[in-house]
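As recorded in Swiss-Prot:
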- Lys105: active site (ACT_SITE)
- Gly220, Tyr221, Gly222, Asn223, Ala224, Gly225, Tyr226: NAD(+) binding site (BINDING)
Amino acid sequence: MVEQDPFEIAVKQLERAAQYMKISEEALEFLKRPQRIVEVTIPVEMDDGSVKVFTGFRVQYNWARGPTKGGIRWHPEETLSTVKALAAWMTWKTAVMDLPYGGGKGGIIVDPKKLSDREKERLARGYIRAIYDVISPYEDIPAPDVYTNPQIMAWMMDEYETIARRKTPAFGIITGKPLSIGGSLGRNEATARGASYTIREAAKVLGWDDLKGKTIAIQGYGNAGYYLAKIMSEDYGMKVVAVSDSKGGIYNPDGLNADEVLKWKREHGSVKDFPGATNITNEELLELEVDVLAPAAIEEVITKKNADNIKAKIVAEVANGPVTPEADEILFEKGILQIPDFLCNAGGVTVSYFEWVQNITGYYWTLEEVREKLDKKMTKAFYDVYNTAKEKNIHMRDAAYVVAVQRVYQAMLDRGWVKH
């Protein structure tokens, strides 16, 4: 478990970024607080006829740049502090990608594994009824997150439409929906696809001709880990030499086939014991001699204890918060190029934005168009951050914060909310 209070960490990161830029004291004070916090009580009738009461949150952190955007988490240990921190990080993520959004996040304290599908539907609809007054396609646009999925988004969108008595434009009230009701092509692969573009550009700035034959190790084999393995091997010719899940990892210096490993994981519950590969631990995977390391699982896996042993030349943070602040310093001193999480994994929110644009306009794009537009967005964001890091001689995470906070600050100045 993470020991520190998540929102305290978010505020410290903001204060650190402020050292590298010109920002007024009042603006910094403003940015340390969410603009709106909503806490709701949701009564849900259970299948046995009893009623259970759940607590839900929606935090709209900052809307200077546009409607707030962010996922809805269902977690038994959800806290308001976590939701506030994640809403702050969404604010910086949408800003670094230059999307016309602010940041938001939602959560319900619930163990979804203990609910039937009917109970989940009633909870989803109850949550929308409770927060209806503070969301709209032009005010706050939720999306799936931990333990929520396209089906839950579909129920939520349907409930919103039922209350609003509106049809098509209300598709844009929520993203991450099934394709049949306004979802976007390319959403499933979006996080990994976006990360692949940043890895490609990182290789260029390191002077590599291309990625063909280069090696990558991926910690985590969920949606993002699997798609990243598939894309890096099939589209870029990289060798995926190691992957892992929560039970352990596998290594094969000749490379692993992404689809075969996924099939094995589905049949056996883990990637472990995959034929032709050697079993390794998650800790060993991180310290392999590879060109690219992609932590795509949980937070705080590269710490001051193991940062010195990292041998990769590029660390692509596909997961949220996989590297601690102390480890950041060590990797920077070692000359390792880090692609910080809220740049590296921003493909997801960017394609969510594309979904919203398609909903609002009623014009839908091909998969090729989605990928091409994502490529342009990710590449521009990468160089915005990389050039700032070079110019100020700071590491990539600090640079990403500087780029993002500067954009939010500028919007606040232009609106007259704060002064220079």
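Every residue gets a Cβ built from N, Cα and C, even glycine.
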Fill in the blank from the handout: Cβ density check for Tyr221 (NAD(+) binding site), other Cβ within 10 Å (all protein chains) comes to 24
Problem - Number of other Cβ atoms within 10 Å of the Cβ of Asn223 (NAD(+) binding site) across all protein chains - result: 15
Fill in the blank from the handout: Checking the binding-site residues Gly220, Gly222, Gly225 for other Cβ atoms within 10 Å of each Cβ, the smallest tally belongs to Gly222
Handout entry: Structural state of Tyr226 (NAD(+) binding site), classified by DSSP into three states
Key = helix
Exercise for the section: Excluding Gly220, Tyr221, Gly222, Asn223, Ala224, Gly225, Tyr226, please set out which residues of the same chain place their CB within 8 Å of the center of the CB atoms of the NAD(+) site, keeping sequence order. Expected result: Ala192, Ile218, Tyr227, Leu228, Ala296, Ala297
Handout entry: Number of other Cβ atoms within 10 Å of the Cβ of Ala224 (NAD(+) binding site) across all protein chains
Key = 25
Exercise for the section: Have a look at the binding-site residues Gly220, Tyr221, Asn223, Tyr226 and say which one has the shortest Cα distance to the residue listed as 'active site'. Expected result: Asn223
Practice task
Measuring CB to CB from Tyr226 (NAD(+) binding site), give everything in the same chain under 8 Å that is also at least six residues away in sequence.
Solution key: Ala192, Ala258, Val261, Leu262
Handout entry: Neighbour tally for Lys105 (active site), based on other Cβ positions within 10 Å of its Cβ
Key = 29
Exercise for the section: Check Gly220 (NAD(+) binding site) against DSSP and tell me helix, strand or coil, would you? Expected result: coil
